[in-house]
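If you check Swiss-Prot, you get these features:
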- K14, T173, D174: ATP binding site (BINDING)
- S54, D141, N153: substrate binding site (BINDING)
- 280-358: domain 'PUA' (DOMAIN)
Amino acid sequence: MRSIIADSKRLVVKVGSSLVTNDGKGLDHAAIGRWAAQIAALRAQGKEVVLVSSGAIAEGMQRLGWSKRPREIDELQAAAAVGQMGLAQVYESRFTEHGIRTAQILLTHADLADRERYLNARSTLLTLLRLGVVPIINENDTVVTDEIKFGDNDTLGALVANLIEGDALIILTDQSGLFTADPRKDPAATLVAEANAGAPELEAMAGGAGSSLGRGGMLTKILAAKRAAHSGANTVIASGREPDVLVRLAGGEAIGTQLIARTARMAARKQWMADHLQVRGHVVIDAGAVEKLTAGGKSLLPIGVTDVQGAFARGEVIACVGPDGREVARGLTNYSSAETKLIHRKPSGEIESVLGYMLEPELIHRDNLVLV
């Protein structure tokens with residue numbers, strides 16, 4: 001089996017905290033130097049690379065003399081602010097040794113949820129790549145809140161892959177890849193060499209959480225691969241402990257788990273809707289509506305809605321949940337939650353008699369609806 005990275009030109013590489021720190025006690029300068037050298041080798045092959053790097057909070061903890069990761073958000077943000085300075089400096093120094101300039105970009109979900117800022121971020125990243133710069137991206141932990149944070153850099157890496165229409169996302173971790181079960185508990189567990197991104201059985205295999213230093217377990221990596229597939233990006237989950245792992249992947253060696261994007265690439269606007277707009281509420285839909293959305297490519301009509309949950313305004317994103325509780329789609333609603341509660345289970349022809357007006361016959365038009 002040949003590595004999918006060999007034929008990929010535009011890469012997003014995500015490096016976890018454990019691979020750039022001394023067991024959480026500050027940055028591992030030598031390790032960062034090795035990552036810079038490998039990325040320089042990829043650049044020499046004509047590949048474009050965007051790096052998503054953890055490590056700011058761990059470095060901040062070291063500089064502040066803290067041995068345990070704080071729980072209070074203000075202390076985490078303070079550690080991130082202190083540590084981000086050191087992280088950027090070390091990367092700049094190590095890449096300069098190879099004649100490569102770097103750029104620091106800090107993002108929040110709010111940056112990408114706003115369409116204009118999303119397009120600006122995309123334009124900036126593409127310009128940096130055109131100029132031969134390696135963008136180094138992290139979540140802006142200093143200002144982020146629970147409502148607008150990505151939650152982990154695996155998710156951020158996937159969103160960046162979507163943003164720049166990357167060919168592949170490489171998630172480097174301290175694990176060898178995805179196993180059929182937890183290899184620490186099940187001696188019969190085997191490595192999943194290749195699978196389809198988004199295959200439902202992968203989430204069951206992924207299981208538990210990550211370490212206390214980082215925020216991402218294997219499940220977040222599987223979900224990140226599913227998200228990256230929205231734009232057609234394949235994903236590799238591999239051990240960053242493997243010597244020259246990036247160079248070997250680029251050379252065609254199959255390492256870790258390859259998750260292939262089999263689904264059709266989403267249109268850019270729908271991809272943005274699916275990835276970056278915050279869900280404000282939910283509607284439960286019947287089996288007939290699920291069938292029409294998933295197989296028929298139809299709009300969601302009020303008659304197919306059986307329940308309305310949460311408070312949302314017209315034009316906000318709501319999730320469509322089937323009778324089994326699984327989300328099947330999300331989209332921009334034409335009616336508020338208060339209006340939807342009045343018109344759900346009713347034919348579109350009765351909307352005007354119930355509300356006194358009819359904005360649209362659909363609750364969500366198919367052009368504003370994305371299957372998930």
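Cβ atoms are placed via backbone N, Cα and C, with glycine included.
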State the mean pLDDT for the domain 'PUA' (280-358). 96
Maximum Cα-Cα separation in Å among residues K14, T173, D174, which the record lists as binding ATP: 12
If you compare CA-to-CA distances from D141 (substrate binding site) to each of the binding-site residues K14, T173, D174, which comes out shortest? K14
Between the Cα atoms of N153 (substrate binding site) and T173 (ATP binding site), find the distance and write it as a whole number of Å. 11
What whole-number distance in angstrom separates the two most remote CA atoms of the substrate-binding residues S54, D141, N153? 11
If one measures from the C-alpha of K14 (ATP binding site) to the C-alpha of S54 (substrate binding site), what distance in angstrom results, rounded to a whole number? 8
Return only the integer: C-alpha distance in Å from S54 (substrate binding site) to T173 (ATP binding site). 11
